[in-house]
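Now, the feature entries from TrEMBL:
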BINDING   C278, A279, A280, P281, G282, G283, K284, D299, D341  S-adenosyl-L-methionine binding site
COMPBIAS  17-36  compositional bias 'Basic and acidic residues'
DOMAIN    180-462  domain 'SAM-dependent MTase RsmB/NOP-type'
REGION    1-36  region 'Disordered'
Amino acid sequence: MSGGTPKGKSSAARGRRMAEKSRPRREAQPEIITDDPHADIGVEARLVAGILLNAALEKRTGLDEALSQSPAKDLAGPDRAFARAVAMAALRRLGEIDQILDRRLQKAPPAPVRTILRVALAQTLVLGTPAFAAVSTAVKLAERDAKTRPYKNLVNAVLRGVDRDGPGLTTAESNLPDWLAARWKATYGEANLIGLALATRDEPATDLSAKPGVDLDVLAQDVEGEVLPGGTVRTGKRGDVAGWPGFEAGDWWVQDAAAAVPARLLGAKSGETVLDMCAAPGGKTLQLAAAGAEVTALDRSAARLKRLKQNFDRTGLPVEVVAVPAEDWEDDRTFDAVLLDAPCTATGTYRRNPEVLRATRPAEVAKLADVQHRLLDVAADKVKSGGRLVYCVCSLEREEGETQIIAFLRRNPAFRTVAAVPAEIGAPDEALTAEGWLRILPSQWAERGGVDGFFAARLERIAD
Ligand SMILES: C[S@@+](CC[C@H](N)C(=O)[O-])C[C@H]1O[C@@H](n2cnc3c(N)ncnc32)[C@H](O)[C@@H]1O
């Protein structure tokens, strides 16, 4: 049995649920019957949700790795999907969930007990799972393990208390770790910080980029969505994209609206040679090839390039693939245009990957900034005279964005900025910086459901 995420509720409605629940409820709550023989159904999915949640909190790739291993991989499809949805909901609203728990707990419970409580509140407060199902499975989970068994009454009391009294007021800012909140406040100001925090709450829509020739209005209708400025189709559908109209035919690929901006900024034309220097899994490479350019896709990761090749096979677009670290590539060619979508902390992608908020360590920013510095110089050497270079990162950290380009232009007087025009490439107007670069924030286009965070700059080689 799947855990039963309610259908037909908008994300805005889900987003409001915590505030609405803060009103005390009068109706009687059902008793928890833990000796019900059916109560075990769904317990396994909740157990896995906790495992996924903790794996994601431990390291960046933890959730995906845990999903591919037992016990997650042994769950039936719908249960596995439910476990993942619960873990993602808990990750998105971890700060708020902990605020609610901490108000009710007189002292910190052992970590496995907190996990059970987090998993239960993610269900009732975010996904709308009926309280009786979330509470009874939480109590069952507590009963199963000798370490948590002594706390089963506490689990019961806390969860029933939240259901009875409502969660109380919670702040979206609590979903941001302190060090990132302090950084973003210093960089983007208090008002933007609130917008960035609000963007943690809801699961974002799936965005699609389409091949040339695909009628975007028809596609938007097929996927119950709308066409955004720039041509991204924002879908209203949820679930496995492989079953959606046009997937098999390779008409489109999944790509956040902001992630589609850098390739548009590069403006590759038919017949031009283009190097995509950190290409895998290939969302931007597909855009460049779809524009008719002769694309070379380079990446150090052969495993990630496999996904790029699958996408190219599906869409039938042509590409040359090179699996090597860019610094070691022995090839004398220069290109009309080079895209460097550099490895980064990816802090701008927290709407889709809420684990980045928890798994990113402050020291990674400086470490990745060094890599970006090095790769920018390698990329610059591959640009023909008069050619373009677009540098981008899906990070919100200045050291990985603006600071890189300031330093690059200082050490490379052969390059200058060619200012972006947001309206031409489907970027939010407020993303344009005074320098002509783009600083896209997840708080922008809030009325359309937001976007991932990105930094992008377009440069031109004006001398050899
Ligand atoms: C942000 S991801 C690229 C995403 C991709 N452009 C897309 O749109 O799907 C960064 C990529 O850089 C690759 N990478 C990291 N260091 C590299 C290096 N030294 N040379 C080439 N690729 C590298 C990683 O394997 C990773 O695939």
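Placement of Cβ uses the backbone N, Cα and C atoms for every residue, glycine included.
According to DSSP, K284 (S-adenosyl-L-methionine binding site) sits within a helical segment. Of all Cβ atoms in the shown protein chains, 24 besides its own fall within 10 Å of the Cβ of C278 (S-adenosyl-L-methionine binding site). The residues near the S-adenosyl-L-methionine site, meaning same-chain residues not in C278, A279, A280, P281, G282, G283, K284, D299, D341 whose C-beta sits within 8 angstroms of the mean position of the site's C-beta atoms, are D276, T285, A297, R304, L308, in sequence order.
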